[in-house]
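Worksheet: the structure to be examined is printed underneath.
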Amino acid sequence: MMIWVNQIVQGILLGGYYAVIACGLSFMFSVMRMINLAHGSLAIVAAFALYVLADQYGFNPFSALILVLPAMAVLGWVLQRTILERSQRGGMLVPILSTFGLSIVLDNLLFEQFGADTRSLAPFIDELSYDSWTITDDLYIGKLAALTFVAAVVILGGLQLFLTRTQLGRSIRATAEDPDTVGLIGINAKRVNAAAAAIALVTVGIAGAFLGMRATFDAYAGGPQLIFAFEAAVIGGAGSLWGTLIGGIVLGVAQSLGAQISPQGFLITGHIVFLAVLFGRLHLDTIGTKFRKTVRRSA
Amino acid sequence: MSQDPTVRVERWTLQSRISILAAAIILAILATGPFFFGNNAIDKLTTLFIYVILAVTWNALAGYGGLVSVGQQAFFGLGAYAAVRLADAGLNVYVSLVLAAVIIAAVSLPISSFMLRLRGGEFAIGMWVVAELCHLLVNLDSLVQGETGTSLIALNAYDADTRHALNYWVALGSMTAILVILFVLLRSRIGSAIQAIRDNEEAAASLGVRVMGTKRIIYVFAAFGAALAGALWLSTAITFQPKTYFGVQWTAYMIFMVLVGGLGTFEGAILGALIFFLIETWFGGSGVWYLIGLGATALVFSLFVPRGIWGWLERRFGLGLLPLGYRILGVPSATRMQTPDDGGIGAAPSVGTP
């Protein structure tokens, strides 16, 4: 019994990581109405950057973030101005195709540079990678996992405050509503979108750091991270910030329980729960429509 | 327009009659291939036919249907897996290959019912999730032995020369069938309906186009094509390792072929497959840089040449080898219909300039 409780707790904590990686994807979707298929690959780029700084230059991964996060922000800005902005003008299909092309380029450049070896940032953060608080004999909470979860809450809360309380945040929301009309009230939609992409990539950088610390990664690890981020974002309701955290937790708990059933269960259960939520939502929509129709008819 | 005696709507042009005849002659010559070529050349051409199937069916989904999937490897892998299973059950190998594709097309029908509710990027990645799930589930089969994989041992019944020739003929026949089916589909009401849906789903629905049913036909056709390609690939590769068949690189190849050749053009997808085949022959050995080049080319084409090489040729020279659209002749120049020059994918590919 305690084993299951422990698995659920671990799943919730894992959900914190998924929320971190999913919030950038969800944020970009809500602002620019596009899904960046290079999202996962960019997180791996950040993880490798942190690895190089830690391994070659002796940085602690946390202090290395001071260098990597601004670099990710610049990358986001440049990416938006050079590729994404242009692709969005081509209609709905082009962003999918161009960001997929970009992910292939990034993955294989990383492979070219770093080879097939798996890396981890765990050796550079000493006891934080394995330390935990023991609650009972069967229940423990890893310090890194707890830190990730807290970071997720802080990032989501920070984004929420930023979007509601700051001028730029309000501009981003206005641009998301109607990119053409905001020009009339003196907002430069291109700059606002570039700023949003920069912010999204900062969260991607943080996700890359946590991924590197809690697990191993290699050049081709971007694809699975994109899928997890997407699943968490969709389960939580694409475009909703706090929904991302709930989506992450649902995905994390599903995977964690699945892993307890069988070794392959981790991924399978995650995907099945994702599809079930998707199916359920569509089904509920149909029931909802029928219900509304019935109400209207009787009224 | 039809009342105007000076206007004539033409479907078959001299150009298209000649190109259909040429295509038939080329296919007939190709059919005699095994009598003249060595096994190496036969295998190469078989690979090319499989690429054409992949490109043409992915293009049907993305270029004509507006549904970009990054998960067609789901059906590619399932097609190969079903062929392994059918052959293991004692069915003739070549019957298994074709039957596998039919079964997977049937399997794709229930999947379509909720994947098609997703739009744009959500559909794209949703399909990838489906592919990952299929991969994991196939790994659970004890016959496949996880990532170790298995082989199509039943092919041993044929000696090497016969096997190469049969692979070739089955692949050529499959490619021809796929091309003919798509040609007929696109010339029918479904062809107009699916392109209308791609360009504007709400507007199409308001004109009475059956949106879901039409999308489903094109989705199942694309799944059938990918499954057939997977089964044929298995016949040439013999070994079945799930990782190879369910890998996302297949999507990368399909996107490359269709983008470079011409998204939403019938001839473009075939041209793209040919270009990809040549590039792979020349640069496939250069490993990682080859893949970086593929990704970068796809990126550049999607941004700067969204209608690909064929789309560019079509517009530049008014080419139209296949009678897929309508040509309007004798229109006074002031009201002459022209291909919309927006450069976007939504541009109607079938209306040619007279």
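First residue shown is number 1, and so on along the chain.
Backbone N, Cα and C atoms are what each Cβ position is placed from, and that goes for glycine too.
Automatic prediction, not curation, is the source of TrEMBL annotations.
Lifted from TrEMBL, the feature list:
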type	residues	note
TRANSMEM	B:18-37	transmembrane segment
TRANSMEM	B:49-71	transmembrane segment
TRANSMEM	B:91-111	transmembrane segment
TRANSMEM	B:166-186	transmembrane segment
TRANSMEM	B:217-240	transmembrane segment
TRANSMEM	B:252-279	transmembrane segment
TRANSMEM	B:288-313	transmembrane segment
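When the stretches B:49-71, B:166-186, B:217-240, B:252-279, B:288-313 are ranked by Cβ pairs under 8 Å to the transmembrane segment (B:18-37), first place goes to B:166-186. Of the ranges B:166-186, B:217-240, B:288-313, the one with the most Cβ pairs under 8 Å to the transmembrane segment (B:91-111) is B:217-240. A Cβ distance under 8 Å defines the sequence-distant neighbours of the transmembrane segment (B:217-240), meaning residues of its chain 6+ beyond its ends; these are 43, 46-47, 49-50, 53-54, 56-58, 60-61, 64-65, 67, 69, 72-84, 93-94, 96-98, 100-105, 107-109, 111-112, 115-116, 144, 149-152, 155, 167, 170-171, 174, 178, 181-182, 185, 190, 194.
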